[in-house]
Amino acid sequence: MASIDDDDDERTPLLQDSHIGELVETQKQLKSRWWSIRVMYLTMFLSSVGFSIVMTSIWPYLQKVDQSADASFLGWVIASFSLGQMVASPLFGLWSNHRPRREPLVVSITILVAASCLYAYVHVPASHNKYYMLLARTFVGFGSGNVAVVRSYVAGATSLSERTGAMANISAFQAMGFILGPAFQAALSVIGETGITINGISLQVNMYTAPALMGALLGIGNIILIFAIFREHRVDDLEKNVSSINSESEVTDVEKANEGPIDQIAVISSNILFFVVLFVFAIFETISTPLTMDMYAWTRTQAVFYNGIILAAVGVESVIVFLTVKILCKKTGERVLLLGGLAVIWIGFFILLPWGNQMPKIQWTDLQNATIHNTTQWTSSIPSSGNHSVEPTGCPVIQTWCLYTPVIHLAQYLTSDILIGVGYPICNVMSYTLYSKIIGPKPQGLYMGWLTAAGSAARTLGPVFVSQIYTHLGTRWTFGIICAFVALSLLHLTAVYKRLIPFSTRYERL
């Protein structure tokens, strides 16, 4: 394996070590280790599916089971997944540090299965059904807190030379889960709203509940695979030894063997950078539908359909990028790619800044409704087209910025989508990979839990932030603030650049 020189540190992947010896591993251990890693890939995929498989149907399902639910409560239902995951991630991570990882994995997936079943039964209670849905989604998120355990296991079960590829694969499976979840929902929509009812257990299987039940069945299959195939392995940071860790005593032995403190500044900086990456991507996901409806006068149906196609294309693009970074990392390094990914994200949002003299089409509906008592006679003289429920389109006049802020052209929007679809997956993979190497041989469960919690907090706060800024201040302020936010992150990354090195490399330099 190639060695690295200090002078060539910038272009050498950080996954390499100058004093790496031969890896002591039998063929049986190698096979078991990689089959266990593949089970973790599947676990990550199913966790993502659990989030996305009901996303397109949550709003109509919520309205069906509880007519008192409004759009603001829908926001809480959507955010509850990330809140549950944010709370659970450090807890499961800490658990995995002191016990075999099979325990938190099985418990978390069991919670996810139970919560998915609860989601399918929220129609049963006589009242307060919306709160049962909120509870169900919270616990689905809580069960998905096992992603910290998954990433910490893969980080510990791979050598430095294997880790970037393994982390890229995890992110690719996560992205595929987000892409295929809505596809599963679309396929199951043929069941219809009525579906079938199993009276003995009060279960309604319809287009809203079938995806959740499918998620529960996949979770049960995941648990079976964990018991049948998953075995815990660990590769030390010098890649000289592979050990099995499948009992409490073996976990304790590993903890005692790892000496030396972790660079906490590098750890905190990595969490901050990861928060920024997830924060801006959550904003990107949230704003796509209202932005296109306001800028291009798309109807709700058009916005959902066209943005669904765009986001699916971005998802496919992201999977390709996830797989490509494994090759790029061998020629550059994680830090260089992270810096480049953030720069691409900044360009993507900068392109969205409005310019020119063309204004968006204005939706005057709100003004007309406010003065309808003065115009009843005038409107009654207009010939009827037979359609009494034409959906108003355009930028609502109640958003006063629509009157003086230039339109964002469709070419700007599509170019931004492409760039963000490149920058986000690069930053995602590099953040996890660098973070795992900074922690080194230490138990990574709790640390990965904090990183996952930072991402969950970002996915919770991002939509809240953008909904307020966009509605009241408009596109110029929204994307201007995001550009400033990403620019500050680039400066922060530059400041801590030399500290973002593997644990083993740091102690070689001391």
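Including glycine, each Cβ sits where the backbone N, Cα and C put it.
As annotated in Swiss-Prot, N-linked glycosylation site applies, among N241, N374, to N374. Per Swiss-Prot, the residue from the list N169, N369 bearing the note N-linked glycosylation site is N369. Going by Swiss-Prot, the topological domain containing P60 carries the same name as the one containing I469, and both residues are therefore on the same side of the membrane. Stretch with the largest number of CB pairs closer than 8 A to the transmembrane segment (303-323), among 172-192, 336-356, 407-427: 407-427. The recorded stretches the transmembrane segment (446-466) and the transmembrane segment (265-285) share 3+ CB pairs below 8 A when only pairs 6 or more apart in sequence are counted, and are therefore in contact. The stretches the transmembrane segment (39-59) and the transmembrane segment (172-192) meet in space: the count of Cβ pairs below 8 angstroms, excluding pairs fewer than 6 apart in sequence, reaches at least three. Averaged across the topological domain 'Extracellular' (193-209), pLDDT for the predicted model comes to 82. Using a Cβ-Cβ cut-off under 8 Å and counting only residues 6 or more beyond its ends in the same chain, the transmembrane segment (407-427) has close neighbours at 171, 175, 273, 277, 281, 284, 291-292, 295-296, 310, 313-314, 317-319, 321-322, 325, 337-338, 340-345, 347-349, 351-352, 354, 356, 358-360, 475.
Remote same-chain partners of the transmembrane segment (265-285), defined as residues 6 or more beyond its termini with a Cβ less than 8 Å from a stretch Cβ, comprise 311, 338, 342, 345, 349, 420, 424, 427-428, 431-432, 434-435, 438-439, 447, 450-451, 454-455, 457-459, 461-463, 465-466, 478, 482, 485-486, 489, 492-493, 496, 499-501.
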